[in-house]
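Trainee: Pasting a structure here, questions to come.
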């Protein structure tokens, strides 16, 4: 019998379950990358909405304006839909506040909507919910760009568009994390989700390149094209997304991976049915250490989360307060608030900062800003690998936050020395800023949302994810707004604000870091059995 072709041998070397998981991994990666792709254009177009005008440019503009009034031909004439140094109403001296308000409108709506999104999403099929969000997001992203073609100069139009877009985009994150959590267990979760979460940076890079291609010639297309891409991916989602392995008769890894230790984020694994069969088994020492309120054997009642169930079906939706009682949710949520403040300030203001400091045009500044996201890809993967190896999520985040603050100070100083220095600091800053943000929004959220007391309840995963990312989105809304208010007084003040935010993020993890470092390893130490009450 002839030997099978190499390609066929490769295909059959993997099981049916593995192929399905790879498909879901890639599909959810592309779906959320398209969300981020649609968020990036506003930061690229800022440099075009208010152009960097030199004294010669302003004199040229006045000369052409006088020629138009006298009826003579002008050697340089601006289009009718542009004014002196940009697009009204962003051509005035208060342009930074107006641009900051656009960011705040989107991000504030996103933060508020995220809390509601988890509650709504856990009661609707993920595929339908996500499809609706992507189609609506594509429509409102494109609507912003239509302001260029229809010569719209109403500030209210752009604000309302941003608000609605922010609300509908909240359908994305809880949905894709829940879907991925259904398909992948806890083994090597930091690495898997670190690689998967690079969709954030990939989406930002693609968004920068696509928006930058048209920003100087027809900035409306910088929004219309990404909007069309998101809508198209929404159709792909509707046609191909599989919410749970059981839907295609695949095994669920959430059931098979039952290792006592998960990651040191203080989770109590309790459920009545499990207690009946395992009540004589000892707790993992680190879990025990994280759950002891005074270190003497007493367990805080608020750390016990027991869901009503029907013998383990895992279909009951956890309440908002119930999710908050899961140890670690509040601390990581508040940490993410400040970590996301830093990340989104760079997302929305970095191209304009490069334009002002290095005096590059909007297209080149947008292309250069992608290096921050390239660094973010490596930072997210590195954080996942380290946290998997050390089995300490909070400590990994804390170390990167500790290094990020002085790096931002160096960035603010070195970036003024030339293009080469800017490139190096963009890569390093991107890695350190995005690492903790990536780890918390993916591996930590999935760990907390699938702790054993919930018995793999995807509804709970959606709620926990929404709480953590929703709290982080409050910081994402504040960061760009504060940057818009502080930047007129000097970019150095913006960087001081970012360094302070990193310090605050680290502060909220101190208790968890102390618990992780003071606990014995997972294979040693005294073990205390937990008795059913």
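From the backbone N, Cα and C atoms, a Cβ is placed for every residue, glycine too.
Copying in the features that Swiss-Prot gives for the protein in this structure:
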type	residues	note
TRANSMEM	18-38	transmembrane segment
CARBOHYD	81	N-linked glycosylation site
TRANSMEM	100-120	transmembrane segment
TRANSMEM	129-149	transmembrane segment
TRANSMEM	157-177	transmembrane segment
TRANSMEM	222-242	transmembrane segment
CARBOHYD	263	N-linked glycosylation site
TRANSMEM	304-324	transmembrane segment
TRANSMEM	334-354	transmembrane segment
TRANSMEM	366-386	transmembrane segment
TRANSMEM	394-414	transmembrane segment
TRANSMEM	423-443	transmembrane segment
TRANSMEM	466-486	transmembrane segment
TRANSMEM	490-510	transmembrane segment
Trainee: Check the transmembrane segment (366-386) against each of 157-177, 394-414, 466-486, 490-510 and return whichever range has the most CB pairs under 8 Å.
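Mentor: Stretch with the highest Cβ contact count: 394-414.
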Trainee: Please figure out which one of 157-177, 222-242, 394-414, 466-486, 490-510 racks up the most CB pairs under 8 Å against the transmembrane segment (423-443).
Mentor: 394-414
Trainee: Other than its close neighbours in sequence, what residues sit by the transmembrane segment (490-510), given a CB gap under 8 Å and a spacing of at least six beyond its ends?
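Mentor: That would be 331-332, 334-339, 341-342, 345, 349, 353, 356-357, 394, 397-398, 401-402, 404-406, 408-409, 411-412, 436, 475, 479, 482-483.
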Trainee: Would you mind listing the long-range same-chain contacts of the transmembrane segment (100-120), meaning Cβ under 8 Å and 6+ residues beyond its ends?
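Mentor: Residues 39, 42, 129, 158-159, 162-171, 173-174, 320, 344, 348, 462-467, 469-471, 473-474, 476-481, 483-485 contact the transmembrane segment (100-120) from elsewhere in the chain.
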Trainee: Quickly jot the same-chain residues contacting the transmembrane segment (466-486) by Cβ under 8 Å, restricted to those at least six beyond its ends, or write none.
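Mentor: Tertiary neighbours of the transmembrane segment (466-486) are 96-97, 99-101, 103-104, 107-108, 110-111, 114-115, 117-119, 121, 170, 173-174, 320, 323-324, 329, 332-334, 336-345, 347-349, 437, 440-441, 444-445, 448, 493-494, 497-498, 501.
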Trainee: So what's near the transmembrane segment (157-177) in sequence-distant terms, Cβ-Cβ under 8 Å and 6+ beyond its ends?
Mentor: 28, 31-32, 35, 38-39, 42, 101-102, 105-110, 112-114, 116-118, 121, 126, 129-130, 132-134, 136-137, 140-141, 143-144, 147, 441-442, 445-446, 449, 461-463, 465-466, 469-470
